[in-house]
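Student: Residues or ranges marked as domain 'Pyrroline-5-carboxylate reductase catalytic N-terminal' by TrEMBL: 40-127. Here TrEMBL flags 271-414 as domain 'Ferric oxidoreductase'. Under the heading transmembrane segment, TrEMBL lists 224-242, 262-290, 315-336, 369-389, 442-464.
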Amino acid sequence: MAQSPVAGTVMSGEMDKPLISRRLVDSDGSLAEVPKEAPKVGILGSGDFARSLATRLVGSGFSVVVGSRNPKRTAGLFPSLAQVTFQEEAVSSPEVIFVAVFREHYSSLCSLADQLAGKILVDVSNPTEKERLQHRQSNAEYLASLFPACTVVKAFNVISAWALQAGPRDGNRQVLICGDQLEAKHTVSEMARAMGFTPLDMGSLASAREVEAIPLRLLPSWKVPTLLALGLFVCFYAYNFIRDVLQPYIRKDENKFYKMPLSVVNTTLPCVAYVLLSLVYLPGVLAAALQLRRGTKYQRFPDWLDHWLQHRKQIGLLSFFFAMLHALYSFCLPLRRSHRYDLVNLAVKQVLANKSRLWVEEEVWRMEIYLSLGVLALGMLSLLAVTSIPSIANSLNWKEFSFVQSTLGFVALMLSTMHTLTYGWTRAFEENHYKFYLPPTFTLTLLLPCVIILAKGLFLLPCLSHRLTKIRRGWERDGAVKFMLPAGHTQGEKTSHV
Ligand code: NAP
């Protein structure tokens, strides 16, 4: 291309407004006239992707010509400003041609090889999982092998037809671009920018295989945390079921199976949320202990710990999810028919026993404090969840982010621990709460957080905190890096936040 057609364009979120301004701003800030004619772009294929792409390109000020095997049939589906014609005619004048057909049909385009020579072909295709395993060559490399006289650029495959049509107004949409020719990549990047997307250079065409694998992934970083959360849920649910349903049925012949859908679930949810929250902070404690033991930060952590540290955000968000569900389920508890019957039965019992007023001061206080601590813990978790959203996290500097995630996160763990303790109160010491000799569930969940809180407390001791701070600033016990910390240096100034 002689001139990049889209440099310095003004973006708009609306499809109908051209993104290319009639006037461009020169590097010196003065206004310059744009070329009279809109830059021409070709599209091969008239399917879903081609239609959305054409709509977006037309809306961004490009002149679009679509090449179809049957233009008469498909012309009505495209915006009126797009020209729909036969493939041969469509590829004759544009310098950039999008190939919006599936890989298995690439070879049917070989008859166009002469007209396509010297042009930029943009490969937008995505293989299926089966195709990916079947072919060692990426779709883009295969296209390049069929058209050696063209420059192939891989782009736009991570953007769905729907997202193209809607435009990038509802969030940041990156267009991953790779190719062997810098100039061609630049041209496609500028087009993506003009359409309102954010181009991201992924390197040479050899990276196309990696880029093509991205849309096939299903939340890869969530797999282990989700399985962990589900595993915890199943274990705690089974434990609570044995204690709250099975034990009364076997020992007292009481039918409490009605508790399974709501009450047992609600007893399980906070256990999962609480343990998951502890699992966010446990790897940091283990990492610190390991650094103290090794006397250096320059030794790699074991792989399992490395992965665990990297998944803390997902584990934290799942903890928030389970805590939210617990709050919602708790609101539903008084709505249950069984709850109403229990209340009426209690009232009748009171009347029969001739007791006028039921009021246990200790229970009243316990409940008030317990609920208040629960709401505070949930509020804190919400704050952590909100600040983990990329756009918000990006607006915080490292110190602010670390304060919220590390310090406030630990406050959330403390509040949850106090919430659990006030819930349990003296029950851990009462024999009738050990059903089938199984301790109350809250005592089990308290183990891990208490270990973490204790370890964090230990790390605050001057002898350990000073040593840890030195290690995190590069000091090594047996190594060459030895220095004194400046006087008055505190743990708050540490450089690593694992
Ligand atoms: P589609 O609706 O099935 O369209 C494919 C088009 O290929 C047909 O409309 C056809 O147009 C054309 N074609 C050319 N030669 C062909 C041949 N020999 N046999 C059959 N069709 C032929 O598929 P699509 O959803 O638009 O996807 C097109 C490409 O975009 C694929 O490589 C896909 O992986 C990629 N993609 C799609 C999306 C999406 O959201 N749909 C997202 C990212 C990437 P004519 O009949 O007019 O020639």
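Note that Cβ sites are derived from N, Cα and C of the backbone, with glycine treated the same way.
Bear in mind that the values here come from a model prediction, so they are computed numbers and not experimental data.
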Student: Can you see whether the transmembrane segment (315-336) and the transmembrane segment (442-464) are touching - at least 3 CB pairs under 8 angstroms, only pairs 6 or more apart in sequence?
Tutor: no
Student: State the non-local partners of the transmembrane segment (262-290) in its own chain: residues 6+ outside its ends, Cβ under 8 Å from one of its Cβ atoms.
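Tutor: The answer is 228-229, 232-233, 236-237, 240-241, 244-245, 301, 305, 308-309, 312, 315-316, 318-323, 325-326, 329-330, 332-333, 336, 381, 406, 409-410, 412-413, 416, 420, 441-442, 444-445, 448-449, 451-452, 455-456, 459, 468, 497-498.
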Student: Give the residue counts of the domain 'Ferric oxidoreductase' (271-414) per reduced DSSP state, in the order helix, strand, coil.
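Tutor: Its residues divide into 121 helix, 0 strand, 23 coil.
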Student: If you run through the domain 'Pyrroline-5-carboxylate reductase catalytic N-terminal' (40-127) with DSSP, how many residues end up as helix, strand and coil?
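Tutor: The domain 'Pyrroline-5-carboxylate reductase catalytic N-terminal' (40-127) comes out at 37 helix, 23 strand, 28 coil.
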